[in-house]
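First comes the structure, then the notes that go with it.
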Amino acid sequence: MAGGNDSSVTEFVLLGFTDLQELLFVIFLLMYITTLVGNLGMIVLIRTNSQLHVPLYFFLSHLSFLDICCSSSIVPKLLSGLLAERNIISFNGCITQFFSFALLGTTEAVLLAVMAYDRYVAIHEPLHYVVAMPHGVCVQLVVGSYTAGCLNALVHTSGLLLLSFCGPNLINHFYCEMPPLLLLSCSDTRLNKVVMVTCVGFIVTTSGLAIVASYACILLTVWSIHSAEGRHKAFSTCTSHLMAVALFYGSAAFLYFHPFSRSTDNQGKTASVFYTLVTPMLNPFIYSLRNKEVRSTLRRAMNKVFSMYSHRSRSNQTTADIPCHGRVSRRTKADT
């Protein structure tokens with residue numbers, strides 16, 4: 001890291017995608033809208049239904065919140081860039097975008113590990129699940145996840161602010177990410193790379209080990225269940241979380257596998273699209289389609305909305321018919 005920032009660069013140009021921009025705009029916009037609707041709907045459903053006020057859905061609501069924020073920190077700028085000749089972002093805006101993305105990504109990685117532990121407690125202590133995971137403990141775990149994300153983002157952002165950027169200012173990506181930014185710096189970035197690899201490795205290793213340890217304990221617990229139906233029911237509570245973990249860690253591992261290679265730029269953009277758009281869009285569907293309680297709650301909510309709409313339509317129709325009868329009555333009297 002350099003001793004101070006004497007950058008001459010005041011803005012960056014995000015090269016993003018150069019082909020099929022109009023088509024990509026439509027696709028990414030639809031994906032972003034789906035992400036917002038799906039995750040906001042999940043949050044509202046969890047908050048308004050008392051049957052879902054248990055630790056699993058408390059964590060799930062924060063996962064949906066993180067997915068909304070993560071996509072919102074990247075996609076609006078991506079969409080505007082697809083319609084503009086040059087997608088320009090200021091130096092401060094680039095640093096802010098990177099900080100937000102690092103904070104949210106790290107927090108989600110830790111939160112997925114917390115959710116794995118929650119699944120272990122739910123299977124190991126099914127009758128005392130709510131007692132074993134009181135609301136105060138859940139809040140502490142969530143706050144700890146956000147704290148870890150904030151600390152990681154502060155470390156990397158501070159390192160970026162100590163670097164000098166003298167030009168060029170072309171970022172071969174659609175958002176401000178650490179590897180392409182380090183390639184543009186005219187400072188010695190070896191320490192930044194070591195810190196980045198160390199922090200990412202530590203976060204992935206610790207959260208991954210927590211997930212593996214939790215599921216190892218889950219397997220031991222399920223193995224002791226004698227009935228096949230009981231084992232199937234226990235495993236079914238974990239499938240949604242396992243799918244979310246596979247999506248998140250799979251795309252993240254591919255994204256950071258060759259973080260400083262210039263030859264994998266297109267692959268890096270594809271992995272980033274999966275990481276910032278596809279995964280946040282799919283998470284609410286994974287949990288809603290694979291979870292019986294969420295499906296039943298959603299079905300009741302939709303039936304309630306439809307019944308209210310039908311009742312309002314009938315009321316409006318009845319109100320509209322009253323003046324017509326009045327006019328007929330008055331015309332009849334006049335004729336008489």
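Keep in mind that glycine also has a Cβ here, set from the backbone N, Cα and C atoms.
Annotated compositional bias 'Basic residues' per TrEMBL: 327-336, in sequence order. TrEMBL lists 38-287 with the feature domain 'G-protein coupled receptors family 1 profile'. The region 'Disordered' feature in TrEMBL is assigned to 316-336. If you look up TrEMBL, you'll see 23-44, 56-75, 95-117, 129-155, 194-222, 234-258, 270-289 marked as transmembrane segment.
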- So what pLDDT does the domain 'G-protein coupled receptors family 1 profile' (38-287) average out to? 86
- What residues in the same chain, six or more past the boundaries of the transmembrane segment (23-44), come closer than 8 Å to it by Cβ-Cβ distance? 17, 60-61, 64-65, 67-68, 71-72, 75-76, 78-79, 82-83, 277-278, 280-281, 283-285, 287-288, 294
- Same-chain residues at least 6 beyond the ends of the transmembrane segment (129-155) whose Cβ lies under 8 Å from its Cβ atoms: 54-55, 58-59, 62, 99-100, 102-108, 110-111, 114, 118, 121-122, 195, 199, 203
